[in-house]
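Novice: Copying in the features that TrEMBL gives for the protein in this structure:
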DOMAIN    6-219  domain 'CWH43-like N-terminal'
REGION    230-299  region 'Disordered'
TRANSMEM  7-30  transmembrane segment
TRANSMEM  59-81  transmembrane segment
TRANSMEM  93-118  transmembrane segment
TRANSMEM  130-148  transmembrane segment
TRANSMEM  168-189  transmembrane segment
TRANSMEM  201-219  transmembrane segment
Amino acid sequence: MWLLSYWILPVISAAMWLGMLLAMFIHWFVISQPQYPSMEASQDIAYISDVGAYGLKPLFITGSVITTVFLDLSFFAERYLRHTGRLARNTSLAQVILSIISILFALAGSAGLVLLAIFDTYRHRRLHNYFLLLFIAGFILSAIFVCAEYQRLGIHYRNHRILRTSFWVKLAFILVEVALAIVFGVMTFRGNRDVGAILEWIIALLFTGYIISFFFDLLPSVRTKHRVCPGSEEELPMSKQSRRQSGSDRGVSVHGAGPDEYEEDLTHDSAGPVPNPPYPVSTPYHETRQGTNTPNAYRANGYEDGVNGYTNRTGRISSWVNRWRNA
């Protein structure tokens with residue numbers, strides 16, 4: 001079901017983050033842009049940390065926790081879906097290591113965001129700055145390792161457009177955020193705090209786009225929920241009736257009969273342009289019993305007499321129909 005799929009995780013994270021930022025900015029702007037105690041005398045524009053250090057601190061902490069929890073779950077979901085084959089599988093150990101490292105840096109960045117919200121800039125300025133650095137550096141390094149993984153995946157899955165798109169989006173995020181973070185640090189260090197505050201709001205808003213990029217990474221898993229993946233952990237035996245029923249419900253083609261049935265993939269981005277190969281679970285009956293003309297499909301439908309028995313029964317039925325017509 002669409003509403004219960006993994007793509008909802010980054011959507012919740014991005015919605016919470018963007019909603020929190022808008023609420024904090026509107027609160028500061030509507031109440032006549034007050035001069036917070038943590039602001040300098042020459043400063044007119046408040047940092048996010050200035051707004052979050054006072055009346056909206058509970059919102060700042062809650063929003064940061066929800067954002068990071070669901071974003072980290074998106075990282076874990078992406079790793080799980082690639083491991084089980086519902087997204088394009090990693091083709092080397094190096095790709096798996098890159099994915100794990102990106103998760104670790106994302107966890108570090110998440111810890112930095114939550115801690116900077118707790119240790120506000122007014123009461124714990126030094127700790128707040130350290131955690132701000134941890135937040136920015138953690139997610140930028142995480143994005144670098146994600147890009148490295150996707151670049152290697154793209155070599156093996158050249159027809160997967162979503163991998164290339166996600167790679168370029170994340171690479172653009174890295175370049176823009178690094179450039180803005182450098183300018184932000186320089187402006188803040190030189191005392192030009194209004195420019196620094198503007199850059200901080202821009203950096204935070206761009207982070208929303210990075211979160212949304214994981215929505216497109218996880219979206220293909222919706223169409224591979226019931227896909228049979230050879231060698232994957234989700235490869236489970238299905239009866240002929242249940243397999244045909246699941247295929248017809250989702251509008252996919254089910255080929256073959258009995259244990260040799262397989263489903264066509266519904267998206268090239270998740271599983272490639274070639275459908276799952278009709279790998280045999282067991283050898284068809286007519287191939288194992290050479291010299292007989294009894295296909296497995298006839299026996300599966302109860303015709304134990306094989307082709308000859310089926311032909312004889314059909315002939316008897318036809319003769320009965322002709323007698324009824326001539327009567």
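Using the three backbone atoms N, Cα and C, a Cβ is placed for every residue, glycine included.
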Novice: For the domain 'CWH43-like N-terminal' (6-219), report the average pLDDT of the model, please.
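Specialist: Taking every residue in the domain 'CWH43-like N-terminal' (6-219) and averaging pLDDT yields 90.
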Novice: Using Cβ atoms and a strict cutoff of less than 8 Å, what residues sit near the transmembrane segment (7-30) while being 6 or more residues removed from its termini?
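Specialist: Same-chain contacts beyond the flanks: 46, 48, 51-52, 55-56, 59-60, 63-64, 66-71, 73-74, 77, 201, 204-205, 207-208, 211-215, 218-219, 221-222.
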Novice: Counting only residues 6 or more past its boundaries, what in the same chain has a CB within less than 8 Å of a CB in the transmembrane segment (201-219)?
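Specialist: The answer is 5-7, 9-11, 13-14, 17-18, 21, 25, 48, 67, 71, 74-75, 77-78, 81, 87, 136, 139, 143, 162, 165-166, 169-170, 173, 176-177, 180-181, 184.
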Novice: Where else in the chain does the transmembrane segment (168-189) make close Cβ contacts, counting only residues six or more beyond its ends and a cut-off under 8 Å?
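Specialist: Sequence-distant neighbours of the transmembrane segment (168-189): 136, 140, 143-144, 146-147, 150, 195-196, 199-200, 202-203, 206-207, 209-210, 213.
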